[in-house]
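Trainee: I'd like to ask you about the structure that follows.
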Amino acid sequence: MTPPLAVDIDGTLTDGTGALDPRVMTPLREWPEPVVVATGKALPYPVALCHFVGIPTRVVAENGGAAYLEDDDELVFVGDREAAQRVVDAYRERGYDLGYGDVDLTNRWRETELAVSLDQPLEPLRELAAAEGMNLFDTGYAYHVTSPGVDKGTALEAICDRLDRSVEEFAMVGDSENDAAAFERVGHSYAVANADDAAKATADFETEASYADGFLEALDAIRSL
Ligand SMILES: O=C(O)COP(=O)(O)O
Ligand SMILES: [Mg+2]
């Protein structure tokens, strides 16, 4: 039987430039079981993706900090945004910047964590996050200052309770260390070939193809589970 599906966005539904690969739209729309889009991006991104793909809004955003299910119309936030803010303030005091300009659409709708651009120095951010007791994810797309215990795995498990499904039923496809905690919980986890070491180490399977080609390859494998 086809399992419910959890899917990451960046590096998994995209091509190497970060653009959504249009070939992912139809299989997502036609997936016969619930699809949960689980991302490090802020909430509007996966909500818009579900909207434009034409599937029910079932999303985990901010690396697990925010979760919304259309089924029960409940929006759940977890994480210490103020602690993330303190880390970022201290980073700025040292003369660094988040790297997203004045308007900063990357963080504008972020409510539980903060992201810093990859072109900014990592080590001082890592040091300041540790001093504040916060975690740091390097997704390959951004650095995220997140709260301990908040991750896609914990959020997916909470969503499963609300969907009346078990997390072990799910298959998940992803590409980076922010997917690892969910990979450990789901029954069938797939790292695309471009995935980082943490994702590959926790995934049950690795696809031969990269990016969206890897996602499509994983879907073929998942359909025949
Ligand atoms: O926002 C990021 O850094 C990565 O996003 P993703 O979890 O969809 O890959
Ligand atoms: Mg990703």
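Even glycines carry a Cβ here, placed using N, Cα and C.
All annotation found in TrEMBL is predicted automatically rather than curated by experts.
This is the feature table in TrEMBL:
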BINDING   D8, D10, D175, D179  Mg(2+) binding site
ACT_SITE  D8  active site, nucleophile
BINDING   K152  substrate binding site
Trainee: How far is it from D175 (Mg(2+) binding site) to the residue listed as 'substrate binding site', counting Cα to Cα, in Å?
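Mentor: Each residue's Cα considered, D175 (Mg(2+) binding site) and the residue listed as 'substrate binding site' end up 13 Å apart.
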Trainee: Select the most exposed residue of D10, D175, D179, where exposure means the fewest other Cβ atoms within 10 Å, treating these as the binding-site residues.
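Mentor: Checked D10, D175, D179; of these binding-site residues, fewest Cβ neighbours within 10 Å: D10.
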Trainee: Distance between D179 (Mg(2+) binding site) and the residue listed as 'substrate binding site' at the Cα atoms, whole Å?
Mentor: 6
Trainee: In Å, rounded, how far does the Cα of K152 (substrate binding site) sit from the Cα of D8 (Mg(2+) binding site)?
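Mentor: Between the Cα atoms of K152 (substrate binding site) and D8 (Mg(2+) binding site), the distance comes to 10 Å.
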Trainee: Have a look around D8 (Mg(2+) binding site) and count the other CB atoms within 10 A of its CB, chains all included.
Mentor: 31
Trainee: Including all protein chains shown, what's the count of other C-beta atoms within 10 A of the C-beta of K152 (substrate binding site)?
Mentor: 32
